[in-house]
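Structure first, then comments.
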Amino acid sequence: MTEQKYVVALDQGTTSSRAVVLDHDANIVSVSQREFTQIYPQAGWVEHDPMEIYATQSSTLVEALGKAGIRSDEVAAIGITNQRETTVVWNKETGKPVYNAIVWQCRRTAAICEELKARGLESYIRDNTGLVLDPYFSGTKIKWILDNVEGAREQAEAGQLLFGTVDTWLVWKMTQGRVHVTDYTNASRTMLFNINTLQWDEKILAEFNIPLSMMPEVKKSSEVYGQTNIGGKGGTRIPIAGIAGDQQAALYGQMCVQAGQAKNTYGTGCFLLMNTGQEKVTSNNGLLTTLACGPRGEPAYALEGAVFMGGASIQWLRDELKLISDARDSEYFATKVDTSNGVYVVPAFTGLGAPYWDAYARGTIVGLTRGVNSNHIIRATLESIAYQTRDVLDAMQADSGIKLSALRVDGGAVANNFLMQFQADVLDTEVHRPKVTEVTALGAAYLAGLAVGFWDGLEELQGKAEIDRSFKPHHDEEKRQRRYKGWKRAVKCAQAWAVLHNEEE
């Protein structure tokens, strides 16, 4: 029998699908990545084509194995990690989606959320799902599809439609429609899953008018869900053995498996998660209570704060303002000036996430004078990522009663040394950047590998988490608080803008 030397992580993100092949020492052997189309039918609406998601993801799997000359019988397992909340509804007979995937960033269901609040559902949803009533989560997206796509409601009532977050859709496609599952971490992001009972909440489903028959079976983040024969020569069936939403996968990849350990992922958005173990901590500060992975992939509780615009605000500097030609140049230009010259950028392009939860906030630049140049704006945009992270971390420490000794970081933007140092300064906390920054893929691979015995256990995995660099805080306290106070004033200027703007029209 061929020795199984590899685990593959499929990392299905907001802008690209990736496949990452890891060996037994958790070294990256091969990577393949494909971008796919972002669809913006109206202002504030964001969609993806589910067929394109599957096509790009399956082709990266084939390509990553092919590039490294790896046969499928050398792969012990596949782990999946995915953009969360993004909603796919498809017909189980035809296998075709009834509508495009509605992406987590999409704000089209703001009015549905207002209507549900008016019906008094907010506190029930908060207490039982751990989430706030916001367009971000899957529940109102499913309701929108059933209410607005011709024939969808009738097909759903007849038991012909299935719902899935992206993980569910990929597993269903990869198993030729045999397996309809999700894991606890993804289920906890739908606003339809009761995190106290660990079951779909039938009261919420009834209130949203969503049939239970559409919902996938919910399983641990580390177990064999099914087999796939996609990906490489040999045609061997590979177990799909790990699933976790991208942020929970990163938390696991950083080995934050004990209560009180936390990480921040700097991707399209920023996501700060703190593992709270078996204790469900309810936030009084606008954070979410969600499910994460315990040591063996079983459900554990976590606090989460989501910032909608992290790396996406750097893309805005590049693509819309044309101030930089490459995202990596932002560090060079930001360090050409000593300060932001009193400028604050609040990148609330799609509203504000935690701890504000203001769907009507909009992007704002304040403090402009004639002396401000493009470098100041670039610097202020980078600084906004660090300020938003502090907003969330302050709330998290207040809720949990735990003062973090260090923050573990990952995601594309952690390569930016200016941002990491500024982050340490703003937080007055050490920031630890790991050697392997692909921790989301690492988490999915670890979960899959553990399920099939590729790795023995947690101790073996914890030995692989090496730190590349620690950033220590430099700012004095007075300067830190003065700058942060300025940020808070800038946020006030951005809030509720769309409401006032609409009234004026």
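Here the Cβ of each residue, glycine as well, is placed from N, Cα and C on the backbone.
The ADP binding site annotation in Swiss-Prot covers Thr14, Arg18, Thr268, Gly311, Gly412, Asn416. A 10 Å cutoff on Cβ-Cβ distances gives Asn416 (ADP binding site) a total of 22 other Cβ atoms nearby, all chains included.
For Thr14, Arg84, Glu85, Tyr136, Asp246, the entry in Swiss-Prot reads sn-glycerol 3-phosphate binding site, with the evidence type sequence analysis. When Cβ atoms from all protein chains are considered, those within 10 Å of Glu85 (sn-glycerol 3-phosphate binding site) total 26, not counting its own. Under the DSSP three-state reduction, Glu85 (sn-glycerol 3-phosphate binding site) is assigned to coil, being neither helix nor strand.
What Swiss-Prot records for Thr14, Thr15, Ser16, Thr268, Gly311, Gln315, Gly412 is ATP binding site. DSSP assigns Thr15 (ATP binding site) to coil in the three-state reduction, placing it in neither a helix nor a strand.
Other Cβ atoms within 10 Å of the Cβ of Arg84 (sn-glycerol 3-phosphate binding site), summed over all protein chains shown, number 27. The glycerol binding site feature in Swiss-Prot is assigned to Arg84, Glu85, Tyr136, Asp246, Gln247; the stated evidence is sequence analysis.
You'll find the Cα of Gln315 (ATP binding site) roughly 21 Å from the Cα of Gln247 (glycerol binding site).
Counting in whole angstrom, Ser16 (ATP binding site) lies 20 from Tyr136 (sn-glycerol 3-phosphate binding site) by their C-alpha atoms.
Note: the Cα of Glu85 (sn-glycerol 3-phosphate binding site) and the Cα of Thr15 (ATP binding site) are spaced 14 Å from each other.
Comparing Cα positions, Gly412 (ADP binding site) lies closest to Gln247 out of the binding-site residues Arg84, Tyr136, Gln247.
For Thr268 (ADP binding site), applying a Cβ distance below 8 Å and a minimum sequence separation of six or more within one chain yields Gly13, Thr14, Thr15, Gly310, Gly311, Ala312. Ranking the binding-site residues Arg18, Arg84, Tyr136, Asn416 by the distance of their Cα atoms from the Cα of Gln247 (glycerol binding site) places Arg84 first. Within the set of binding-site residues (Gly311, Gly412), the lowest number of other Cβ atoms found within 10 Å of a Cβ is recorded at Gly412.
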